Ligand SMILES: *Cc1c(COP(=O)(O)O)cnc(C)c1O
């Protein structure tokens, strides 16, 4: 088993995932279903395992960022709607029909490209209501409808993305409400133009938590489903009992004694201020552990105690000071995210240490990691 032999691995708690899914379902507006975001390997949690568990709970629609992610999910046996939220290049377009994926119409050019193929690809129309990233603008709806009328595309949905729903300021709140108003107006316009889409959706995690009254047929929840929000502050503010679904662990590969004054790691950054016991962990920045945790910024748990990261995080390895932790041995398990012996390191804390959000830390957990599902 992975646990015995892997150098570094993630552990997915199915119980936590189910708990979060049930909690979020309880917040859904009437008639709205979960459409979990499984992009970036389910934010580092392992998309196939997450989809499998959610499917058991009756979840029938998912979204991903790319056609290849969608194809991989199909290959692992996922059924139901798989919406590709992002751009699909010409090279990957055949995947859409082959795997029965639903493609987002990200702009007019994309609509043209899809229309010209003459295939009955399922699509959802993205509407730009203010994020200005992807989507068809309000002034382009007529052109879009004209395109759709001459193509065999199956228009099954229309959606927009809220870009400030996590903000608490008046400005963000007003902007978010304006986005929702613009969206529902666009839905009406499309309907009036004979381009009605059966499904409409706009809620992401922050949207569902803050604005369930916006409604819609799907809530595209990502981060909350995994049991966290982007920051510790947001997480405490939401007041929900979300449970972190992922732990990140690594093997202690070697333990050694340094005399006071000896240094360790690249660039001789660490000089032992006292006789020091150092443990090497078999995980590095190539696995998604941020290099910015170097030099004592970050820490790990070993035998239920905190050990600071010392020196520079390497590509495949990391040094921690275990002087104050008795009996560290090669083969021990260190916890980089998660609980150990009553102590815990939350992904939001790691994110704060390196100046980013939990989403980035999670989604960068790399393919080299083992995956344990519990
Ligand atoms: C990633 C993404 C989501 C999920 O967002 P969370 O904040 O993780 O809930 C929803 N919709 C779109 C378009 C996305 O790109």
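Cβ from N, Cα, C; glycine included.
For reference, TrEMBL has these:
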{"type": "ACT_SITE", "residues": "39", "note": "active site, proton acceptor"}
{"type": "MOD_RES", "residues": "39", "note": "N6-(pyridoxal phosphate)lysine"}
{"type": "BINDING", "residues": "133, 315", "note": "substrate binding site"}
{"type": "DOMAIN", "residues": "245-374", "note": "domain 'Alanine racemase C-terminal'"}
{"type": "ACT_SITE", "residues": "266", "note": "active site, proton acceptor"}
**Report entry** Residue from 39, 133, 315 whose C-alpha is spatially nearest that of residue 266 (active site, proton acceptor), among the recorded positions
**Finding:** 315
Query raised in the report: Expressed to the nearest Å, what is the distance separating residue 133 (substrate binding site) and residue 39 (active site, proton acceptor) at their Cα atoms?
Result: 17
Query raised in the report: Out of 39, 133, which has the highest number of nearby Cβ atoms, where nearby means within 10 Å of its Cβ, if these are the recorded positions?
Result: 39
Query raised in the report: About how far apart, in whole Å, are the alpha carbons (Cα) of residue 315 (substrate binding site) and residue 39 (active site, proton acceptor)?
Result: 24
Report summary line: Model confidence over the domain 'Alanine racemase C-terminal' (245-374), as mean pLDDT, sits at 97
Query raised in the report: So, in DSSP terms, is residue 315 (substrate binding site) helix, strand, or coil?
Result: coil
Requested in this report: Could you put numbers on the helix, strand and coil content of the domain 'Alanine racemase C-terminal' (245-374), residue by residue per DSSP?
Outcome: 22 helix, 52 strand, 56 coil
Query raised in the report: Where does residue 133 (substrate binding site) sit by DSSP, helix, strand or coil?
Result: coil
